[in-house]
Amino acid sequence: MQGMTIKVEIIVVLLVVASICEAVAVFHPISESHRSAALELFPLVDGSFPSLEEAYEALRTFKVLGIETKPVGKDHTCNSVVDTLSLTPSNSRDLYYALRVNGLLKCSISKEALAGVISKLKDAVKDATSLLDYYHSIGGLLLIKDVSFEADVLLENADGIFSSIKALSQSDGRWRYSSNNPESSTYAAGLAFETLSGVISLAPSAIDEKLVGTLKKDIVKLFDSIEKYDDGSYYFDDKHIDASGHQGPLSATSAVVQGLTAFASISESLNIPEDKILGLARFFLGIGVPGNSKDLYYQIDSLSHLENNRVSVPLILSLPATVLSLTNKDKIKVKVNTVLGSTTPPLSVKLMQVFSSGSKDASVLKKELHFDPKEAIYTLDALPEGVDIGEYVFAFEIVLSDPEHKRKFATGGRTKVPVHVTGAVKVDEAKVAVLESDIIESEKKLDLPGKNDLALSANHLQKLHLSFLLASPLGKVFKPHQALLKLRHETGVEHIFVVENSGRNFEITLDFLGLVEKFFYLSGQYDIELTVGDAVMENSFLQPLGSIELDLPKAPEKATQPPPQAVNPYLRYGPKAEIVHIFRAPEKRPPQEVSFAFLGLVLVPFLAFLVGLLRLGVNLKNFPTSTIPAAFAILFHGGIAAVLLLYVFFWLKLDLFTTLKTLGLIGIFLLFVGHRTLSHLASTSAKLKSA
């Protein structure tokens, strides 16, 4: 019985989690799960990263997440960087990623090599024919400017380069990769924003304000086409495949965020609504933990740019627990962090409204939460008055203490969070009765949840009536997700009925006269079981109540037969009866003397063979005396001995197939050495005859 209760409680907890996930996404800042995933998704291959691009993505992700790794692979990666920048002929893309890795590892690059790279990149800017050519070459020059202020990386014709890149823009804010490619892309727009920001930074004098103004308009146009999920997340979709082979909202949104923050770093008048900035942060956080390295890099790098951008830094409000217990008197706890989990400026959090699930009415509260500086958590000691068990939506509002911070941080107005309030439901006046013509024949009270052992009896002219009352902790009407009555016949046939309610009263009446066909006219004992459960009901139960002995009429000839019952898998796949083998008793062997006598008879032919050889005068007079013929003769006789030895091994341990394979190899050897031996004997005999 206790095991059943535990199972029901586990199911209830799973229902709570599932219902929360289906209602709305709960956003949390970057956690340890992302750090663990980064270490798994960016492994070293033979002590190094497969390419400089992957090396940068791994190192950048580690740096943002604050992962302190051992300098494994640094020497090999720096060697690749030095080779790319100085020794090997490299294109602008290779130089770009080599410079990005160098910015993180601080490899030893000579001034001569750096000067050569600058020359190559400036030539690449002049010869650029596509957006990616501009992106890699200008990005490389900008990286050199960040590490070496003395380097001459300024662009001579910055206005012309700006106009060339701007010519690839489209009216909807998206960009083309080249003038020969008519397809536009949101991902390309992000690259263009970042590239043009680099042109402005590398210009020897200020870029024409009209050109910069048109770029601002392009950014605003692109944000006009931004898409939104129901949970408040904003994202950019892109059907065009980007240069690295990835496609979809994640790569496109990441590129736009990088381009936006790059442009915002050199322009202070960019006006993007804070709800869209906060929505972009929610999009990346709503992904959870990506399953591949590229997506994880897009997510972490974009969140890092949002954390340090000059437009608006998003603040994330989250609840450590969205399931609160009235029984345990749980407190409402709220955390406010940046997207990477950093601390926030001085602020306060207020609980503004509480919405009940399925109702548009909301209670206005405006209660301020208490801030605990040690745990950096905002707490409301008690749930608002009138909050009973059920599903709610709590609306919080972040209020910044310093008015100047309102320009720098995005709070998004009111943040709505789904909250489940659980508690113990009161079960009263539970009773079961057997009725005949609506007159109570027998009635018994039930202890719910508790131990019950009913022993009832009824015939087909009687009825079974069950009733009980349910009330929430505040005495309100409570209707659980499940209220089921089950009757199980001793043959395993089950019948399940829904217990209906009228206000607080739950009751069901089973008229056996109308149920005889459904019961397949099966008389006998039926076990009674009651199930009452809900996601917010802490004392959900699956309760055996006892049994009832039913006396039903005999089944007519054409009555429906009970369905075949499923075989219990524990009986089908459980342990089988032990099989005891009876082996045949060994046959009686002959006496030892008879065996030795038989062995002697077997050896008699071999002795006769030896005697015959002696009588024939077998000798070694014709055995070759020369070195080479003698060696072949010895090998020939050795091969014959090997065949005889193989027969012995076949008799003792070898199988037929192994013996035949070995015999074939020895036979080929005998054929060769035997032919040489016999050829020598034939030539010797011919010489003697001719002499």
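Note that Cβ sites are derived from N, Cα and C of the backbone, with glycine treated the same way.
Here is what TrEMBL records for this protein:
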| type | residues | note |
| --- | --- | --- |
| SIGNAL | 1-23 | signal peptide |
| DOMAIN | 30-307 | domain 'Ribophorin II N-terminal' |
| DOMAIN | 315-421 | domain 'Ribophorin II second' |
| DOMAIN | 429-550 | domain 'Ribophorin II third' |
| DOMAIN | 583-683 | domain 'Ribophorin II C-terminal' |
| TRANSMEM | 596-618 | transmembrane segment |
| TRANSMEM | 630-650 | transmembrane segment |
| TRANSMEM | 656-673 | transmembrane segment |
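For the transmembrane segment (596-618), no residue of the chain approaches it from at least six positions outside its boundaries, judged by C-beta separation under 8 angstroms.
Per DSSP, the domain 'Ribophorin II third' (429-550) is made up of 0 helix, 75 strand, 47 coil. This prediction places the mean pLDDT of the domain 'Ribophorin II third' (429-550) at 93. When DSSP labels each residue, the domain 'Ribophorin II C-terminal' (583-683) comes out as 79 helix, 0 strand, 22 coil, counted as helix, strand and coil in that order. Note: the domain 'Ribophorin II second' (315-421) comprises 4 helix, 59 strand, 44 coil (DSSP; helix = H, G, I, strand = E, B).
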